[in-house]
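Structure first, then comments.
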Amino acid sequence: MGLPFIVLNYKTYLQGTGQGAVEIAKACKAVSEESGIEIAVAPQLPDIYRVASEVELPVFSQHLDGIGAGSFTGHVFGKSIKEAGAVGTLINHSEKRLTLAEIEASLKAAKEFGLRSIICTNNVPTTAAAAALGPDYVAIEPPELIGSGIPVSKADPEVVSGSVEAVAKIDPRVKVLCGAGISKGEDLRAALDLGSQGVLLASGIVKAADPKAALEDLIRLV
Ligand code: G3P
């Protein structure tokens with residue numbers, strides 16, 4: 001197996017807002033260059049342009065609506081985030097849930113604008129359903145473990161391995177990430193040993209006193 005893919009979701013954490021978004025991205029870029037591991041960041045929408053302009057690393061949107069140009073006040077338009085510098089998007093994060101029809105429409109918009117797609121899911125059946133839509137990645141994140149500091153890869157290994165198995169049967173081209181409570185080297189190692197190809201994480205790095213040191217700890221057992 002190759003190197004993992006790490007996606008850092010800033011959510012609306014203060015530390016990852018405005019100039020903080022740029023500083024954390026710089027830490028991610030430094031660790032990515034040292035290690036060769038691809039690290040992407042998902043700042044808040046208004047920070048996408050500033051992060052993408054100042055730091056050369058993959059920037060994802062936290063959300064994308066399945067709409068086109070026109071009368072869609074307050075929506076997130078694929079062309080807009082692409083032009084702001086995003087190369088991909090989260091879809092259906094647990095904190096920004098969508099209906100199945102909306103997920104499909106968001107994914108279609110991501111594909112239309114050449115954006116990489118990560119559909120977030122909460123259990124094995126939803127992971128299987130998401131994989132059937134054909135995104136680049138699914139990210140399994142049990143909501144009860146999000147922000148808990150209890151790693152999914154240790155607290156609920158079956159949901160990770162079950163997702164990996166389900167996706168392999170449905171569409172082996174879809175890659176599986178896992179997330180919730182991941183922050184340390186052993187959490188990432190356990191996630192990879194369960195067959196996932198990377199992690200989607202947030203608080204353990206964004207809220208760390210030293211995000212670069214936290215990232216270095218995260219990847220130390222890869
Ligand atoms: O999108 C990542 C996320 O929901 C996991 O959050 O803070 O448990 O790493 P956290």
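The backbone N, Cα and C atoms fix where each Cβ goes, and this holds for glycine too.
No curator has checked TrEMBL annotations; they are predicted automatically.
Taking Cβ-Cβ distances under 8 Å and a sequence separation of 6 or more, the neighbours of Tyr10 (substrate binding site) in its chain are Gly16, Thr17, Ala21, Ile24, Val41, Ala42, Pro43, Gln44, Asp47, Gln62, Ala202, Val206. Following the DSSP three-state reduction, the secondary structure of Tyr10 (substrate binding site) is coil. Residues annotated as substrate binding site in TrEMBL: Asn9, Tyr10, Lys11, Ile146, Gly181, Ala202, Ser203.
Taken from TrEMBL, the feature active site, electrophile covers His93. Cβ environment of His93 (active site, electrophile): Asn9, Gln62, His63, Cys120, Glu141 lie under 8 Å away, each six or more residues apart in the same chain.
The active site, proton acceptor feature in TrEMBL is assigned to Glu141. Cβ-based neighbour count (10 Å, all protein chains) for Glu141 (active site, proton acceptor) stands at 29.
In the vicinity of ligand 1, defined as a Cβ distance under 6 Å, the following of the recorded positions Tyr10, Lys11, Glu141 are placed: Glu141. Of all the binding-site residues given, namely Asn9, Ser203, the one with the smallest number of surrounding CB atoms inside 10 A is Ser203. Take the binding-site residues Ile146, Ala202: by the count of other Cβ atoms within 10 Å of each Cβ, the lowest one is Ile146. In this view, Gly181 (substrate binding site) is surrounded by 26 other Cβ atoms within 10 Å of its Cβ, with every protein chain counted.
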